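Colleague: Quick one: the structure is below, and I'll ask about it shortly.
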Amino acid sequence: MTDAAHTTAAQGFILALDQGTTSSRALVFDRAGRVVAMAQRELPQSYPQPGWVEHDALHIWTDTLACMHEVLLRAALKPADIAAIGITNQRETVVLWDRATGTPLAPAIVWQDRRTADACARLRADGHEAFVRGRTGLVLDPYFSASKIAWLLDHVPGARSRAERGELACGTMDSWLAWQLTGGRRHITDLTNASRTQLLDIRSGRWDDDLLALFGVPRALLPEVLPSAGLLADTDPALFGRAIPLTGIAGDQQAALYGQGCSAAGLAKNTYGTGCFMLMHTGRQVIASTHGLLATCAAQTSAHIEYALEGSVFVTGALVQWLRDGLGLIARSADIEALAASVPDSGGVTVVPAFTGLGAPHWSAEARGALYGLTRGTTRAHIARAALEAIALQTLDVMRAMEADAGAPLRALKVDGGGTANALLMQMQADLLDCPVQVAPTAETTSLGAALLAARGCGLDMTLPDSGGRSFQPQDRTLAAALLPRWQRAVSATMQMAAH
Ligand SMILES: Nc1ncnc2c1ncn2[C@@H]1O[C@H](COP(=O)(O)OP(=O)(O)O)[C@@H](O)[C@H]1O
Ligand SMILES: O=P(O)(O)OC[C@H](O)CO
C-alpha cells in the first residue's frame with residue numbers, strides 16, 4: 001500500500017479527471033456516484049495543415065491542475081477529503097517530452113490527425129496489415145499512436161537519438177498527466193490506453209518487440225503498463241500539501257463502458273461526443289472482427305485481461321460544432337435540434353462527415369467530407385437534419401457490423417455523451433436501429449467510470465447510480481428503408497473520390 005493510501009481520507013470523495021478532446025475537466029464524486037462539483041476548461045484546437053490536429057500538452061496540464069484546485073473550492077473540500085484520483089482521457093493522442101525537464105518537445109498529435117496516412121499505407125502495401133491486426137486488434141490507420149510517435153521521432157530534430165539514449169518519454173494523455181501529477185517520478189499508463197497505441201500485444205498485455213521494430217519506436221520511450229484499478233501512484237505532495245493516491249486510469253471510451261455498468265460479455269454502449277464510440281464487452285475473449293471493427297482491452301480490474309469490440313466513428317458531435325463554428329448555421333450546439341425538427345425530412349440532402357477520413361467500419365484515411373443532393377430548395381434546416389441523420393446512420397453501420405461479429409442482435413443500446421441531450425437524434429437512432437435507446441442517468445458517465453475505477457482501486461465502496469435516464473422506443477420503422485440506400489451510395493461515392 002502506498003504512503004498516501006494509509007492517510008485515510010476523511011469523507012471518501014473521489015476526484016475524477018476527464019481529459020477529453022475538447023475540454024479538460026475535474027469532477028468530485030461522492031460514494032453514491034453523484035457529482036458534487038465540476039470545473040472545466042475548453043481546450044483550443046490547432047489545425048496547422050489540412051488533416052493535422054494538435055493540442056498543447058502543457059496547456060492541458062495547467063488546465064487540469066487549475067480545474068483540480070477549482071473543483072475542490074467549489075465542493076468546499078480539502079485535499080484530505082479526497083480518497084483517490086481517477087484519470088480518464090482522450091485516447092491515442094500522443095505527447096513526447098524531455099524526462100529531465102518535463103517539457104513537451106512538440107505539440108501533441110491528436111487522434112484525429114491524418115499526417116501519417118502515407119506511412120500507414122506503405123506498411124499496408126508492404127503486407128503488414130494482417131500481422132498488426134492480429135497482434136493489436138487494430139487496423140493499420142493513422143488514428144492510432146504508433147505512427148504518430150514515429151512521426152515525432154523523425155521530425156523533431158535530434159529526437160530519435162535522444163529517445164534511444166533514454167532521455168525522452170512518450171505517452172498518451174493519461175501518461176502525461178500521471179507524470180505531471182507525480183512530479184515526474186512515475187511514467188505509467190493503463191492497459192486500455194496502451195491497447196490504443198498499436199504497440200501492445202493485447203493478449204499478453206505487454207509492449208511487443210516486433211511492433212516496436214516495425215514502427216521504429218524505442219522501448220525506452222514507453223511507460224510501464226499497469227491495470228486500470230489499483231494503487232498505481234501517489235501525487236507529488238507539493239501539489240496539494242499531501243500525497244493523494246492515483247488508483248484508476250482508463251481511456252475515455254473504456255471508462256464510459258465501465259461507468260455504464262457494461263462489465264460483462266454482450267453489454268454495449270455508444271458515446272456521442274466529438275465522435276461516436278460503440279463498445280461491446282466481450283469478456284475474456286478477443287473477438288477478431290471480420291466486419292471492420294476493432295478488438296481492444298476493456299478496463300482491467302483483476303489479474304485477467306478483458307476485451308471489447310469497438311466501432312470508432314470519428315466525426316459526429318464535431319459535425320455539429322462545424323455547423324456552428326465553421327458555417328455559422330446555428331449559434332449553439334443545442335440549436336440544431338429545433339432547426340432540424342422544423343422540416344419533416346432532409347429534402348434529399350446527405351452529409352458524409354469524413355472530415356478526418358472514415359473510421360469503422362469503412363476505414364478510409366484519405367476520404368474527406370461531402371454534401372450530396374443540394375437543390376435550390378435546400379435550406380439550413382435540411383442540412384441540420386441531414387447532419388443528425390449522418391450521426392445516427394454512422395452508428396447504424398457500426399451496430400450492424402457489431403451484430404455480425406457477435407453473431408447476435410443487440411436488444412437495446414445504452415448511450416451517453418453530449419449528443420444524447422438531443423431528443424430528435426435519440427429518436428432517429430432508436431428508429432434506425434429498431435431497438436430501444438437508453439440514455440444514461442448521468443451525463444458524466446465517462447468521469448463516473450474513472451471515479452468507479454479509482455474507488456475500486458483504493459477499496460472504497462461506490463455505488464453505480466440507478467437507472468432514471470430517458471429511454472427512446474422505435475416508432476418509425478420505415479426510416480432505415482428511407483435513408484439507408486442513399487446513405488450507402490453517398491459513402492461509397494465519398495470513398496471513391498478519395499481513391500482517385
Ligand atoms: N444538442 C446537441 N445535439 C447534438 N450534438 C450536441 C448537442 N449538444 C452537444 N453536442 C455535441 O456533443 C459534443 C460534446 O460532447 P462531450 O461528450 O462533452 O464530447 P467530448 O468528450 O468529445 O469533448 C460536441 O461535439 C457537441 O457538438
Ligand atoms: O475525448 P473524446 O470523448 O472525444 O474521445 C476521444 C476518443 O477517446 C478517441 O479514441
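The backbone N, Cα and C atoms fix where each Cβ goes, glycine too.
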Colleague: In TrEMBL, the sn-glycerol 3-phosphate site includes Thr21, Arg91, Glu92, Tyr143. Which of Asp236, Asp252, Asp325, Asp335 does it also list there?
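Modeller: As annotated by TrEMBL, Thr21, Arg91, Glu92, Tyr143 share the sn-glycerol 3-phosphate site with Asp252, chosen from Asp236, Asp252, Asp325, Asp335.
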Colleague: Say you check the Cα of Arg91 (sn-glycerol 3-phosphate binding site) against those of the binding-site residues Thr21, Ser23, Arg25, Thr274, Gly418; which is nearest?
Modeller: Thr21
Colleague: Can you see whether DSSP assigns Arg91 (sn-glycerol 3-phosphate binding site) to helix, strand or coil?
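Modeller: Reduced to three states, the DSSP call for Arg91 (sn-glycerol 3-phosphate binding site) is coil.
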Colleague: Which binding-site residues, if any, among Arg25, Arg91, Glu92, Tyr143, Gln253 have a Cβ under 6 Å from ligand 1, given in order along the chain?
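Modeller: Among Arg25, Arg91, Glu92, Tyr143, Gln253, near ligand 1: none.
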Colleague: Quick check: in three-state DSSP terms, what is Ser23 (ATP binding site)?
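Modeller: The three-state answer is strand.
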Colleague: Given a separation of at least six residues and a C-beta threshold under 8 Å, show me what packs close to Arg25 (ADP binding site) in the same chain.
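Modeller: Sequence-distant Cβ neighbours: Leu17, Asp18, Gln19, Met38, Ala39, Gln40, Arg41, Cys67, Ser447.
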Colleague: Given a separation of at least six residues and a C-beta threshold under 8 Å, show me what packs close to Gln321 (ATP binding site) in the same chain.
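Modeller: Same-chain residues close to Gln321 (ATP binding site) (Cβ under 8 Å, separated by 6 or more) are Thr22, Thr274, Ser333.
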Colleague: Rounded to the nearest Å, what's the C-alpha distance separating Gln253 (glycerol binding site) and Ser23 (ATP binding site)? Just drop the number here, would you?
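Modeller: If we compare the Cα positions of Gln253 (glycerol binding site) and Ser23 (ATP binding site), the gap is 15 Å.
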